[in-house]
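Swiss-Prot lists Glu230 with the feature active site, proton donor, giving similarity to another entry as the kind of evidence. Per Swiss-Prot, the feature chloride binding site maps to Arg192, Arg332. Sequence annotations record features per position, and here Swiss-Prot assigns disulfide bond to Cys29-Cys85, Cys374-Cys380, Cys448-Cys460 based on similarity to another entry. Per Swiss-Prot, site 'Transition state stabilizer' is recorded for Asp295.
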Amino acid sequence: KYHNPHFIGNRSVITHLMEWKYDDIGDECERFLGPYGYGGVQVSPVNEHAILDRRPWYERYQPVSYDIRTRSGDEQQFRRMVKRCNKAGVRIYVDIVLNHMTGAQSGKGTNGHHYDGNTLQYPGVPFGPNDFHGHESCPTQDLEIHDYTNPKEARNCRLSGLRDLKQQSEYVRQKQVDFLNHLIDIGVAGFRSDASTHQWPDDLRSIYSRLHNLNKEFFPENSQPFIYHETIYYGGNGINSNEYTSLGRIIEFRFYKEITNVFRGNNPLHWLKNFGTEWGLVPSGDALVMIDSHDLRVGHTGKLGFNINCFEGRLLKAATAFMLAWNYGVPRVMSSYFWNQIIKDGKDVNDWVGPPSDKNGNILSVHPNPDMTCNHEWICEHRWREIYNMVKFRMIAGQEPVHNWWDNGDYQIAFSRGNRAFIAINLQKNQQNLQQKLHTGLPAGTYCDIISGNLIDNKCTGKSIHVDKNGQADVYVGHDEFDAFVAYHIGARIVS
């Protein structure tokens, strides 16, 4: 029901433009995301939130009201962005925080509303003490979650001190329904549901059952919102991400975990031959997948040193390329900003650092440079050639199955997607090149490697490859090359 992302045409990839301003996202939809084939943007939470010391990124995950006003802009700017992006063929998915309000502090939110997390007063909604879980429903002494595998505790107690809303209450549900319907009426395509694991599936079902159909100005009649859930599997039998697959897709954390394990060199690459449901993952149609996220990059989920983020560009590009080449789930590409990563005792002491901003905390605008990089400290992974060209690869591969699998029994693999696209990856540990005559599945001709370059005016700015009449080619990926993979598709054929 809530599984369709409503991509336009054969677009198939979402990017998370973390903490970008709405005006900048609108520009990016028109100037880059639309033309380069991205299907949608996940935007950071849009509702009024707490203003915390030092302005950390996670203040956006501490709601104060459901008014649309954040550091990214106000409701008018948000509406304009949604319209511009839809027109450019790019959908908008809003990160929604329904599980809780703020932490214990009191103060003012980004739309000027006062709140008090100690007395549980949020007049901007309004919510009061009766709208939160207390000792009557949370089994722990301090109202905090300690045992994440106990459903009652994980869903009725406080996640890291955040005030836990009583979603069994009709009043609370209706306030949340009104907020989501307001966003739907503006023209969003759906939502990332934050902390779904900590909300009862039946409460979410009740809320979703009242959602409007998507706005007919941008979507076909009777379209339902796309919803994908942050479901972190804590082990134990208590909570299972499968409880949420009737409510939308789940963010399949096992995908990130298994792929990272392989690309870190803990498991051989050739194991990925049957990667997917046979590994215990949910069916492809129930999954949204990622390599990196706003949490993973700083170790708020997973482990630092294990997670792959923008500081390991070569590895991140290779793992992302596999994700985009493999026919599983809806992939999401992280787009982050620079922070000074300092790891002490397995923790990043700067894991709180917010987006590039001026001394008054105003987020700085993104102005891409002619070479596709971004200004200030915006990293813009979604603009890296290796990534945007793999977005195109996925578009061209469409629903074609994986064919022509080859591996060396270790850390070199290659496969095609039907007869439309082909990729080869070399992560061999002992400085070994991948040099092999392989079946590419491609029609005869000369192809431009879309990883080392682009095809511009029928000329390749990178390496090229010749495919013979049998679909075979001499494939080469040196162990010390800038990128650990090559990729070809029928849209990058050099016409002779």
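Each residue, glycine too, has its Cβ placed from N, Cα and C.
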Candidate with sparsest Cβ neighbourhood (10 Å radius) among Arg192, Arg332, the listed binding-site residues: Arg332
Glu230 (active site, proton donor): secondary structure state under DSSP, collapsed to three categories: coil
Arg332 (chloride binding site) versus Cys380 (disulfide bond) - Cα distance in angstrom: 14
Rounded inter-Cα distance in Å - Cys85 (disulfide bond), Arg192 (chloride binding site): 18
Candidates Glu230, Asp295: member of the recorded positions with the richest Cβ shell (10 Å): Glu230
Same-chain residues at least 6 apart in sequence whose Cβ lies under 8 Å from Cys460 (disulfide bond): Cys448, Asp449, Gly453, Asn454, Ala492, Ile494
Residue with minimal Cβ packing [other Cβ atoms within 10 Å] among the disulfide-bonded residues Cys29, Cys374, Cys380, Cys448: Cys374
For Cys85 (disulfide bond): DSSP state (helix, strand, coil): helix
Alpha-carbon distance [Arg332 (chloride binding site); Cys29 (disulfide bond)] in Å: 16
Cα-Cα distance linking Asp295 (site 'Transition state stabilizer') and Arg332 (chloride binding site), given in Å to the nearest integer: 14
Entries of Glu230, Asp295, Cys374 which, being recorded positions, have CA atoms within 10 angstroms of Arg192 (chloride binding site): Glu230
Asp295 (site 'Transition state stabilizer') and Cys374 (disulfide bond), distance between Cα atoms, whole Å: 22
Rounded to the nearest Å - Cα separation of Asp295 (site 'Transition state stabilizer') and the residue listed as 'active site, proton donor': 11
Around the Cβ of Cys85 (disulfide bond), the count of other Cβ atoms that are within 10 Å: 28
